[in-house]
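Student: Annotations per TrEMBL:
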{"type": "SIGNAL", "residues": "A:1-16", "note": "signal peptide"}
{"type": "DOMAIN", "residues": "A:121-419", "note": "domain 'Peptidase M14'"}
{"type": "ACT_SITE", "residues": "A:Glu385", "note": "active site, proton donor/acceptor"}
Amino acid sequence: MRLYLTVFALLVAVHCEELFNVDQVLRIQAESENYTEVLKELEKNVDWGLDFWTHGFSTERPVDFRVPNTSLCAVKDFLRENNITFTVMINNVQELLDKERAEMVSNAEIKHKTKSFNFAAYNNLETIYSFMDTLVASHPNLISKVKIGSTYENRPMYVLKFSTGGEKRPAIWIDAGIHAREWVSHASAVWIADRIATDFKENRAPVPSILSKMDIFLMIVANPDGYVFSHISSRPFHRLWRKSRCVTSNPNCPGVDLNRNWDAEFSGPGGSDDPCREDYRGPSAQSEIEVKNIADFITSHGNFKSFMTLHSYSQLLMYPYAYSGTNAPDQPELHDVATQANKALYSWHSTIYKVGSIFHTIEQASGASVDWAYQRGIKYSFAFELRDTGKYGFLLPADQIVSTARETWLALKYIMQYVCDR
Amino acid sequence: MATGDLVPTHFPARRAAQVALHHLNTRHGSPFRVFGLQQVHKATAEDVGTGGRKYSLDFSVTDYGSSGSVLRCSADVLFPRTEKHSPPEVQLHCEGLQQISSSPEEEAFYQKHISPDSAVSAHDIPDSYGNISQDMKPFWHLARVAASFIMLRESSENTEYNMAQVANVSQQETSEKQLMLKYHVLLHDFVSQEIIHWKLLSSWSPDGGVRVLETEWQPKCPHATKPPSAN
């Protein structure tokens, strides 16, 4: 048999017409004892340099082997001559190896990028948006980036969607940065986004179980125009900007307080009609594109169960109402949830937060997002005012970002778990 | 407005405590001693005969200037109800306050900057990222103390002031044995969310404490004509 093969191989090599410059992997289904004999002979042939990927021949399983390009023509002819059917499993081994290598390099770069992203710093919009892309690329089966519209100055508004599937599952909404100068809120949200992804990947409770039943939507920058403006210079005029950047009826005074523009008792006391004020509510409810984009998104989704918004400063964990001192119908339950969430928060660093309705803990505010959400039936609506209590105020040192994010995360986790259980 | 027992975590009690805090800082603040409100334990309020409203408070403060120590205080804060704004009146007592006296740090700081060579000048404290150099911290504390004179004077039941930032500070020449500092400070009123600019001239010495010699409100917008408290 061997002599026959060797002779045949020589003959075939001379007459081979096809030229290959790549290695291929062929598959043979051994359909009979005869096949097995042929395969055993092939294996013994060192000249052809075959590299068997499956070992042990039987009629039960297919046999895969890599054929060097120099032998491909001869081997294929040999198989045809012997009426052995084969399929080309990989028709370009090098291409596959190159692709795999490129993927590995790219993955390493992505890992490096997420690892090298500085969570303990205040990052500008471009860096945050690029972080979002990196996060999505590292967790393509969990996270997607949803564009819900554009800002007044035509910047994209993105929400990160954390989902393990399903069709419009019950969802949780978290936003930060509706007020531009509250930098620790955006910074905490960035850390939290990464944390949700990592907890899911490393199977750390309760995130995987929450995500098996619910989706999480996280909007890191709810007021991109304002955020960019607050980075323009270190002058207080920029850094301490609160509102959006729309043109108003007063050319000297741009911007609307986006947290007074919601369709919830809009134009009541606790907001201003003067465009030059920091709490200017805008000309009408939802007149501001940023608010409209979020409201429309949440309304058309229709299945949000919780709405949480991050602000700074004052260290408060609050629930509706903002527009009135009357207790919301679910006040006892919301107060309970907030109190428990607060205990979780406190456990990280003993940071003292106070719990209560927005009206009673801060002041009356009309057109606030939390009231809007609650009145739309999103029962578990909460507003956070993060660190500190006035020592640094809006200018919280960056070395407190991660600690702030961690304690906030403990409270958020408690609330999400609570909502999920119901 | 509520009368009698107040919920300590709600804003009426907190605003009154903040006023007491400003008073405390004007009397006992220094480059190395500034108090912040930790929490309110108990509070009551009542209307008084002259048409004002008096708050009685039991609260704790933290010295974040250097020691980090926590003091328990009690205070009466009277907000007059007059047609034109007048400053609240505060009576205050804190445990352990008497023992506080001028520290070696204060003496060293004083000696360093009272010398004719010292001409400190800086801006944006803290900077956008919350950074303050160690050298600048005492000046930041002093600004907070000096600003407390203004915050105390401007406070009402409808304001809640903190100092947001020191826009700039420059040391002034003087023949007095006082550190003379010109400040441009930014106050943040948590109720209106406004940033209010004030320029002030203050003096400090370990023996004399902080005094404010001149204050001048700075309009934010070109069209604004009067400070918020006058509304």
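Cβ atoms here come from the backbone N, Cα and C positions, even for glycine.
I'm curious about the neighbourhood of these features; can you describe it?
Tutor: DSSP assigns A:Glu385 (active site, proton donor/acceptor) to a strand segment in the three-state reduction. Less than 8 angstroms from the CB of A:Glu385 (active site, proton donor/acceptor) sit A:His311, A:Ser312, A:Tyr313, A:Ser314, A:Gln315, A:Leu316, A:Leu317, A:Met318, A:Ile362, each of them six or more residues away in the same chain.
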Student: Taking the domain 'Peptidase M14' (A:121-419) alone, what is its mean pLDDT?
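Tutor: Mean pLDDT, the domain 'Peptidase M14' (A:121-419): 97.
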